[in-house]
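Right, one structure below, let's go through it.
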Amino acid sequence: MSQTRTRKIYVGTVAVGGDAPISVQSMTKTPTTDVQATVNQIAALKEAGCDIIRIAVLNDDAAEALSKIKRSVSIPIIADIHFDWKLALKSIAGGVDGLRINPGNIGALWKVKELVNACKDKGIPIRIGVNAGSLQKDILMSYGHPTPEAIVESARRHIEILEEMDFNLIKVSLKASNVPSTVEAYRAFSRQYDYPLHIGVSEAGPPPSGIIKSAVGLGILLYEGIGDTMRVSLTAQPEEEVKTAYSILRSIGLRAHGIDIISCPTCGRTRIDLINLVKEAEERLRPLKKTITVAIMGCEVNGPGEAKEADVGIAGGNGVGLLFKKGVVVKKVMESELLDCLVETISTL
Ligand code: SF4
């Protein structure tokens, strides 16, 4: 797997593209005008490992609130705006680190120019966010459907507007709710452009199906080296999106965050209550904020091998378990004490 090299831009302090690690984004789901609730949600997202937060700015009140929110948080903020260039200007004045707005939807070119100049002054990037559900009418007419080619064509039009104004702090997303179209659109785009890509499967739905759809779509792209920043869209709390993003990144060896539990599915050989042990371990380990691998295995078939490879591991036996730390057996523990021992051992790492 090799990462496709794109240009590097910055969203606040976070590098996106080039050799930068793939950043994880999410979007607040509170009313933007509720400053306190939004600030609290941002704090929870940051705690979950989110790198960049997007906030919807739908009117003047939201733009006012955005500047207050920005002053209360220390994570880069992107203002998500549709059509209204004045809201974009207001958001820039309020200190945002990036914009998500499609220049082709703003209207008169002088408005776009004013916006682009404000972005140039502050070094703020613009994400062009093409969505299969809202392509320009004439593009839809000529392609018949929101095909991957139609999605790329839409992105091209928006990009050309910015390039003609000599602006290239650009990031692009090409989302569809359908995984094959999303993958094909990103592939086609990355063959033609080196702008950094924000990847995501749009409107993926609720967990677990939304998680699976996102994992398949984003997994394929990331494995092919496509994607510089990502957002998993779920009908769920935003922290769930961040958690899922890291699971995807970790599963293909791109970026780790938090505790990764490796556990077996259990079978007729299992002689401890492994399913509940894993469930309780997940709960107890979550607050520890460590980036490590923990193996919890049911028996001696694959148990010792996995437990040895992990930072901490358990290989179950008959009512007991062998506890491993950094590849070495520490002790044999009764089943009733396994959970406490595991948590205690991990706390000392
Ligand atoms: S590790 Fe042992 S208990 Fe777990 S699934 Fe494999 S054989 Fe069964």
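Any Cβ shown, glycine's included, is placed from N, Cα and C.
According to TrEMBL, the [4Fe-4S] cluster binding site annotation covers CYS264, CYS267, CYS299, GLU306. There are 19 other CB atoms within 10 A of the CB of GLU306 ([4Fe-4S] cluster binding site), with all protein chains counted.
Marked as domain 'IspG TIM-barrel' by TrEMBL: 6-246.
Mean pLDDT across the domain 'IspG C-terminal' (261-347) comes to 94 in this model. Annotation comment: TrEMBL describes 261-347 as domain 'IspG C-terminal'.
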>> Say we define neighbours as other CB atoms within 10 Å of the CB. Which of the binding-site residues CYS264, CYS267, CYS299 has the fewest?
In response: CYS267
> Is any of CYS264, CYS267, CYS299, GLU306 (binding-site residues) within Cβ reach of ligand 1, i.e. under 6 A, and which?
Replying inline: CYS264, CYS267, CYS299
